[in-house]
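A.B. asks: Pasting a structure here, questions to come.
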Amino acid sequence: MSSKQEIMSDQRFRRVAKDPRFWEMPEKDRKVKIDKRFRAMFHDKKFKLNYAVDKRGRPISHSTTEDLKRFYDLSDSDSNLSGEDSKALSQKKIKKKKTQTKKEIDSKNLVEKKKETKKANHKGSENKTDLDNSIGIKKMKTSCKFKIDSNISPKKDSKEFTQKNKKEKKNIVQHTTDSSLEEKQRTLDSGTSEIVKSPRIECSKTRREMQSVVQLIMTRDSDGYENSTDGEMCDKDALEEDSESVSEIGSDEESENEITSVGRASGDDDGSEDDEEEDEDEEEDEDEDSEDDDKSDSGPDLARGKGNIETSSEDEDDTADLFPEESGFEHAWRELDKDAPRADEITRRLAVCNMDWDRLKAKDLLALFNSFKPKGGVIFSVKIYPSEFGKERMKEEQVQGPVELLSIPEDAPEKDWTSREKLRDYQFKRLKYYYAVVDCDSPETASKIYEDCDGLEFESSCSFIDLRFIPDDITFDDEPKDVASEVNLTAYKPKYFTSAAMGTSTVEITWDETDHERITMLNRKFKKEELLDMDFQAYLASSSEDEEEIEEELQGDDGVNVEEDGKTKKSQKDDEEQIAKYRQLLQVIQEKEKKGKENDMEMEIKWVPGLKESAEEMVKNKLEGKDKLTPWEQFLEKKKEKKRLKRKQKALAEEASEEELPSDVDLNDPYFAEEVKQIGINKKSVKSAKDGTSPEEEIEIERQKAEMALLMMDEDEDSKKHFNYNKIVEHQNLSKKKKKQLMKKKELIEDDFEVNVNDARFQAMYTSHLFNLDPSDPNFKKTKAMEKILEEKARQRERKEQELTQAIKKKESEIEKESQRKSIDPALSMLIKSIKTKTEQFQARKKQKVK
């Protein structure tokens, strides 16, 4: 302590006391706090494991309880409770010590009286033995009162225990009559040890059971004593031994040592053999009592199904609200095959039972078993048949629906437990409506599939495969619901579903559910080839009457009439006719599409002026074969057409003139001359109307025709050519070596496309910034057309620069001239002007004088 005080007084270490970094964690914070429910792990043998060797092989004596005490501790509230319990236990121990002091005196008196009774004759000592027995039993009752709880009721095991005691007593009586007094004593002592062992072993389940057994023994012995006869005098010793066993059973760990000491004192007179037996019994008692004490300390271990909870009526009412009463539903979870008979015979056919037949089809099972079959094994087919139970239930469901639904009241809530379990029970029964028959080539194939697949879960469906062998003499006369002999594994898609009844708390009833395959197929987009090969009967839902008739045929009832058979045949014929009509419609649609593909006519109509005329011309040209003419021939044809038109117009004019002017008209007459002139004017107007409208309109028509020709310019088949832009770019960027290789293979694609750089419509590419081409952009691809555009852009830019330079030079020259003019002195310029004017005046005077 002095050294510690010196360290703390030292200024260098003074901050250690205040700095939390140097503080040690208190012991209560070091351990993990646990609930009182886990208190038993500190002293229960189930949690105890002794280590004889450490991890390096050195011998040690260590147990897991030490580790548990090191790391875990009870919470504060539980520790307070444990403190109160310890007080109560200490008080009980004090009471037990008081009772045991009395018990020692009683046991000594009993031993002395036992010796006296052995020495005396049986006839003379009957009254005394009866009195002693009654006194001993009364004393044992008083000693046991402190250990027996008044609230505990007797268990069922107590009856067995009492019956065994009676049997053992009868054996003891027989031994005593045959042997001498000394042998009697030995047999009696051995009998006591046996009586003590047997109830300890059989009735060591809980402490309460032991205490109930004690009560029954005491009542039985008291009744037996009162009704005893002269031939059963030796039961007194057995009763005394029972009292000793009762005291051993009802005692705790600490009181047990005192009982063993009393047993040893009483056993000194009987011999060394009895001492050894008693020691063994005491050791067993200690172990069992320690376990009982552990259980009593830790309380009932409900997690392991041990112990009972006694609650009041109020608690029972509360729990009844929370947990509903059991309605008697015991579902066969994973035990649907428990009633199936077992046999060693292996056949080539397997039966698949207890599956979700609403979702599973024969092809699903065939695909599954094909993946498990051995090499060389073959599965011929998988057929799904209705069971006899399924037929009966389906008949009932057609009339009134599931029986389980009828038993549920209408006003029952949706989350009602009983109604939900009834539906679950129905779904479990629905698994037995059908069964599948797997036909294999050999018993070896069937046994291999059985070993690998029996009890296996199908995907994640919560339905487990139940396989059984079918004897060879069994035949199936019913029509199968579904058959599968082949599966296209490349196109097959596995089914992912979950049976709600077997995998979830909520239950979905499936008796009126539509076929899931039908839903998926109708929602899917079909291809044209699939529509032709499709079986429409699988996806077209027939009327309810037809369904009933078809199901009656499948069930094979004997009571079906001839008229009903006729109706079903008619319905089948109607369905076939409908299917044939659908197929004809599909064939017509496909033929039209094929014709369209052959013609390759995909027209896009744009309403442009002059479209009708141009379309008529195109049709005429195609009919006459003019579209295949060369440009020169087309030019000649146009000239010929113009000549034909002129000839027609002349002929029409001549006919009109002949019709209008009669033969007897005198043209020299002035009256007729004026009329002829008017007719001429009218002719000219008619000709002009025939030739066309005004020149402005003719110009507009020509312009529209030019636009139309430009639009229809690419309609010629010779000009049509497909090109792959990406391949052109790739081939242009290749090295010379690779280009040569492609040239040899004739796979090199050359860029023959030529851009009209001078087209006025695309001049904005060279001037506007919106269409600027950036060669540094990653999306830029170098082609011949792009190079031409860039060259043209550069050329136009140079031209603009030259124009700018020329304009600048002109301006500079003009500025220089102006500057030169401005550079002359104004006085000098005035002098020059005055000289000029004077010279002009002088010359003018001179001329006048000369005249």
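Yeah, the Cβs are placed from backbone N, Cα and C, and that goes for glycine too.
What Swiss-Prot shows for this protein is this:
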COILED    730-824  coiled coil
COMPBIAS  90-100  compositional bias 'Basic residues'
COMPBIAS  101-131  compositional bias 'Basic and acidic residues'
COMPBIAS  154-165  compositional bias 'Basic and acidic residues'
COMPBIAS  197-210  compositional bias 'Basic and acidic residues'
COMPBIAS  238-257  compositional bias 'Acidic residues'
COMPBIAS  268-295  compositional bias 'Acidic residues'
COMPBIAS  312-324  compositional bias 'Acidic residues'
COMPBIAS  544-563  compositional bias 'Acidic residues'
COMPBIAS  564-573  compositional bias 'Basic and acidic residues'
COMPBIAS  640-650  compositional bias 'Basic residues'
COMPBIAS  655-667  compositional bias 'Acidic residues'
COMPBIAS  794-824  compositional bias 'Basic and acidic residues'
MOD_RES   Ser75  phosphoserine
MOD_RES   Ser77  phosphoserine
MOD_RES   Ser82  phosphoserine
MOD_RES   Ser180  phosphoserine
MOD_RES   Ser198  phosphoserine
MOD_RES   Ser296  phosphoserine
MOD_RES   Thr311  phosphothreonine
MOD_RES   Ser312  phosphoserine
MOD_RES   Ser313  phosphoserine
MOD_RES   Ser663  phosphoserine
MOD_RES   Thr693  phosphothreonine
MOD_RES   Ser823  phosphoserine
REGION    74-134  region 'Disordered'
REGION    148-328  region 'Disordered'
REGION    542-576  region 'Disordered'
REGION    640-667  region 'Disordered'
REGION    794-827  region 'Disordered'
A.B. asks: Per DSSP, how many helix, strand and coil residues does the compositional bias 'Basic and acidic residues' (794-824) have?
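C.D. replies: Here the numbers are 30 helix, 0 strand, 1 coil.
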A.B. asks: What is the total of other Cβ atoms whose distance to the Cβ of Ser75 (phosphoserine) is within 10 Å?
C.D. replies: 13
A.B. asks: Kindly assign Ser75 (phosphoserine) to one of the three DSSP-derived states: helix, strand or coil.
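C.D. replies: Ser75 (phosphoserine) sits in coil per DSSP, no helix or strand.
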A.B. asks: Per-residue pLDDT averaged over the coiled coil (730-824) comes to what?
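C.D. replies: That stretch averages a pLDDT of 80.
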